[in-house]
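Engineer: Before I ask anything, let me first share the structure, which is written out below as structure tokens.
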């Protein structure tokens, strides 16, 4: 007897023996269902359920369901490539955000024409509606099969799987691939897909290993979703922060300093405006600011645990007075040193310590991407040292601050990923229970929706990741809050409790922006360079029509500068139409145009970015409107 409980309905069905999803679900429901979750594990609809189970239905409209369809598409692509180019060897084909890829070993260089042919073949395979058939094989069966058909990379993967563990393969028509699954019932479920590009990749990510060709694709639940995504990509290309930054003269990156930013005048103004804004928020919320060294002894990184876990990503200075030093990849161990510089009492807690900390990480050159992925960066980093019973209230305060900052920067759609305890972790379950409960209650009280990432917390504590949605619907994970029970203990941090004894504080690692570099990249793309007036590097440009207006324009400029307005004055002899085009292309939000008439009447002609309309205002009225648009409140 097998008892099946449907988690959403709490409805129980009993069966005389083993059953599958096809047995359990009604035929009409099967059209939208791609898989099941059985006691928390994903199952194909054809996989047998052998014991009592709680069932959750996975539909195509679910995030997990769409991920399964993309996994299907990766297998279909691999089959298409093998049919078109039989000498190609297949390696791995996972899903990624918005799509999938598959790595192929071949002497052939895939072209755009090849992608067209592969896509056509994929459509034929979809039309054939081959069933995805799961089979459990022994290790020997798997090695014999894949070595027999010359798939050496699959044999290599099998060799890394523990001895005695059975393996699963999936068959679709004549094509067989090593795979954990799950898959949808058949290839016909993949309704809307497109191959996007070809890139190089190394086997197992090792630059010393064989070079492979990676084909990227995307797949969606229907053609409307696919077309919407492709339109979003076109819009994203127009908003590429690297292109806009070049047009606006914000920054550049060059080979002599790979992954590090050369901020130009306008870009650094933007950077400083953002930093000043965050600094004010921190001060108003009870933080104090510190500055810690960039070069720190290996000994501290060993004690903190970063040397073992993070050494490959650290820049090492071999010798300095017989000491090995490392450029810091993060600020937290240094902040503990400041905490440890005094004896702390429970009355001092919480301590909110902030730093605009410059860090460096040795990211691979292939992963670098404009401001979005760099080697040298500055974090809006802060650490809150508190007692365990203060975790909830501090998390609520942080969530409120984060929501306020995101909203004022133009992001009102925020979601949260909550990562709870991993299998391997420090601390006892009671401590984890309290920490997880404190975070979840704080998120709910802040009015934020969250998604559970089971087992994805760090070994030293649970984690919140804050995801914002931009103007074209893309999600960006920026803010974080991480509970840490371990680092204060490792580095000897303590406070004197009400009982007169020493206690280790809980440490909350938190950031709102993440890094200034990446967040500025996100801001550029969100606004397409057309920043709100308060944030714009140049808030106003005064353009003269004639030299007779130069003195008036300069006088206005000086008044505005005294008021803190970031203003430029264009007194060149160029035609006014050229000046308007120039400063509009530089995304200056407001233009004041002055000529003989404006000088006489003490007025300005106001033109806003993106509009061809000009309106005449008295200088007093225009100034009042300008200051109002600059003021956040």
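Any Cβ shown, glycine's included, is placed from N, Cα and C.
According to Swiss-Prot, the record shows the following:
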BINDING   332, 383, 509  Zn(2+) binding site
DOMAIN    1-59  domain 'TGS'
REGION    240-532  region 'Catalytic'
Engineer: Show, in sequence order, which residues other than 332, 383, 509 on the same chain lie with their Cβ within 8 Å of the centre of the Cβ atoms of the Zn(2+) site.
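Structural biologist: So the additional residues around the site are 330, 331, 335, 381, 382, 482, 484, 487, 507, 508, 510.
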Engineer: Restricting to the domain 'TGS' (1-59), report the mean pLDDT as a whole number.
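Structural biologist: Mean pLDDT across the domain 'TGS' (1-59) comes out at 84.
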Engineer: Taking the Cβ of residue 332 (Zn(2+) binding site) as reference, which residues of that chain separated by at least 6 in sequence fall under 8 Å from it?
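Structural biologist: Residues satisfying the criterion: 304, 381, 383, 484, 487, 507, 509.
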Engineer: Look at the binding-site residues 383, 509 and tell me which residue has the greatest number of other C-beta atoms within 10 angstroms of its C-beta.
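Structural biologist: Most Cβ neighbours within 10 Å: 383.
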Engineer: Run through the domain 'TGS' (1-59) and tell me, per DSSP, how many residues are helix, strand and coil.
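Structural biologist: Split by secondary structure, the domain 'TGS' (1-59) comes out as 8 helix, 28 strand, 23 coil.
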